[in-house]
Amino acid sequence: MSKKSKNSSIEFDAIVVGGGHAGIEAVYALLKKKLKVVLITLDKKKLASMPCNPAIGGPAKGIITREIDALGGVQGKLSDLAMIQIKYLNESKGPAVLAIRAQIDKEKYSKLILKDLKKQENLLIIEDLVSELLVEKNRVFGLKTAKKQVFFSKTVIITTGTYMDSKVLRGSLAIPSGPDGQQTSNLLSNNLKTLGFELQRLKTGTPPRIFTSSIDFSKVEKEVLPVYNINFSFQSKHKLKKQISCYLTYTTAKTHDIINKNLGKSSMYSGLISGVGPRYCPSIEDKIVRFSEKPRHQIFFEPETKKQDIMYINGLSTSMPEDVQLEMVKTIPGLENAKIAKFGYAIEYDALNPLELKKSLETKRVKGLFMAGQINGTSGYEEAAAQGLVAGINAGQFVLGKKPVEILRNDGYIGVLIDDLVTKGTKEPYRMLTSRAEYRLILRNDNADIRMAKYALKSGLISKKEYLKIKAKYAKIDRKILELSKEFVSPKDELAKKYNLEKRISKLKLISWPNVNFKDILPDFEFGYELTVMARLKGYIQKQNSEAQKMIRLEKLLIPGELNYEKVANLSSEALDKFQKVRPKTIGEASRISGVNPADIQMLLFHIKVLKMQKVSKI
């Protein structure tokens with residue numbers, strides 16, 4: 001097909017398909033590069049909607065949001081403006097797993113985005129469905145929509161979330177629909193299959209929502225929180241002045257009886273669902289079956305907006321019929337007279353096999369075509385936003401003829417996320433966990449800014465001035481560490497008496513003790529917390545940095561792109577199959593592919609060495 005037609009008045013630099021959390025980050029990344037962008041979405045009033053829980057952050061996820069902010073993304077800033085509650089998680093478990101979680105006013109979040117995007121000069125927002133990608137010689141050059149519109153562009157980013165050929169499932173009902181009753185379509189799914197892409201069916205779910213006025217709060221536990229002086233964004237000056245509470249209750253024996261009695265009516269257990277659900281966010285039916293020995297399960301009431309008129313019932317995700325949901329809900333303390341605002345449901349949808357992707361999130365099959373978010377088999381707003389940002393950055397790099405930006409595993413959870421997807425793939429919705437990161441002592445909540453700074457600068461998402469400001473912050477911390485190593489506390493000092501010191505020690509050693517409040521030593525130093533973490537974890541950080549350097553060396557060992565793996569002697573059949581499918585670029589990537597063992601890597605290294613020797617001998 002010709003790249004020019006009567007419908008083509010403008011060739012855009014990029015088209016972003018889908019206005020969810022991934023799509024929004026992609027759009028902003030492209031706009032920061034001063035590129036012309038089209039955003040195609042179903043409903044511009046539901047940009048970055050939250051069809052599941054109204055929250056951002058949590059273990060590992062909160063660190064991802066900090067990384068997004070440090071990389072030049074918007075999720076952290078928007079969350080700070082729309083939050084109605086914010087807190088630390090895992091405070092007692094140490095700084096390596098410390099994370100922020102915030103309850104978000106979901107309506108305000110979407111409104112803030114739309115208001116800001118309307119101001120952007122190089123952006124066109126279209127409400128439509130995509131029906132076909134325009135591809136010629138394995139390169140995308142635009143797309144067609146359901147409304148017969150044609151757009152031409154140098155690159156396309158698909159961020160369709162859970163909307164591709166999706167079905168909402170409740171009991172025996174399977175309704176073609178996207179989340180929150182939005183439109184679905186199989187047009188793009190069919191088009192991707194025609195182009196040769198491997199798709200898979202995945203499933204997720206959501207709980208019922210309850211009118212707050214129908215809840216008996218005398219029977220539930222109120223979460224009382226202090227006002228934390230914290231934010232997701234490193235630049236944000238907005239502070240939450242008042243915390244809005246969430247509430248805790250539990251399922252009962254009656255709840256479990258109703259679920260067990262009606263298990264066959266659940267879409268999940270009736271055989272209606274073929275997609276694989278998220279392992280770490282099971283439905284209430286799954287919990288009752290898999291953990292039958294537990295007498296009760298936690299249920300949290302989370303307000304969806306500042307108005308607090310509707311509560312999200314966290315922990316009660318279900319695909320039961322409406323009558324069973326109502327019966328089930330009324331057995332939970334506090335919900336005896338509950339009125340359901342929206343029933344829970346499961347949703348099944350098409351997703352891409354992420355082994356189809358490069359680390360840049362460009363597809364291997366079609367040049368200039370990028371994928372990000374839940375279409376890549378992930379779950380969660382944070383994972384989606386991170387991918388959208390990386391896809392937006394690299395689509396911009398593609399347009400500008402620059403090298404892609406690829407974040408290493410030792411530099412960020414974003415790097416871990418993408419590396420896992422493109423080397424291991426996933427057969428279930430992938431959720432980021434701290435346990436997935438082998439360098440988590442380095443990938444902390446407090447140092448996301450310095451970890452992402454070089455990538456943000458390379459991407460053009462922060463200025464040289466902003467970059468130097470971050471570098472200056474850590475130079476200041478290093479100078480203060482040196483000062484503290486030369487300053488001592490003697491047993492006669494007031495500080496020594498407070499901490500029962502019997503001998504003279506340096507302030508640096510004292511601040512590294514876990515029971516010492518760093519403010520006693522650094523009352524006026526603005527980066528006291530960061531310094532204290534670095535001092536306390538120094539030995540562990542050095543060890544992980546050393547391990548990371550070994551990984552980096554493997555990343556520098558390139559595998560020839562044209563390598564014929566069938567000629568590599570003594571490879572296991574599984575390694576041969578995986579290498580041919582994934583086509584890793586480096587030995588480091590190859591070593592992380594599931595099913596590949598150290599012997600396979602040795603054989604691969606030996607084969608590459610022989611090839612190099614043969615090339616030299618021919619010269």
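Cβ atoms here come from the backbone N, Cα and C positions, even for glycine.
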FAD site partner of GLY18, GLY19, GLY20, HIS21, ALA22, GLY23, SER185, GLN374 according to Swiss-Prot, chosen from VAL97, VAL130, VAL289, VAL324, is VAL130
Among ALA22, VAL130, CYS281, VAL289, all listed as binding-site residues, which has the most CB atoms within 10 Å of its CB? ALA22
When each of the binding-site residues GLY18, SER283, GLU285, LYS287, PHE291 is scored by other CB atoms within 10 A, the minimum falls on PHE291
Rounded to the nearest Å - Cα separation of PHE291 (NAD(+) binding site) and VAL130 (FAD binding site): 42
Roughly how many Å separate the Cα of VAL289 (NAD(+) binding site) from that of GLY18 (FAD binding site), to the nearest whole number? 36
Measure between the Cα atoms of every pair in GLY18, GLY19, GLY20, HIS21, ALA22, GLY23, VAL130, SER185, GLN374, the residues the record assigns to FAD, and report the largest value in Å, rounded to a whole number. 19
VAL130 (FAD binding site) falls, by DSSP collapsed to helix, strand or coil, into strand
Distance, GLY277 (NAD(+) binding site) to VAL130 (FAD binding site) (CA atoms, angstrom): 26
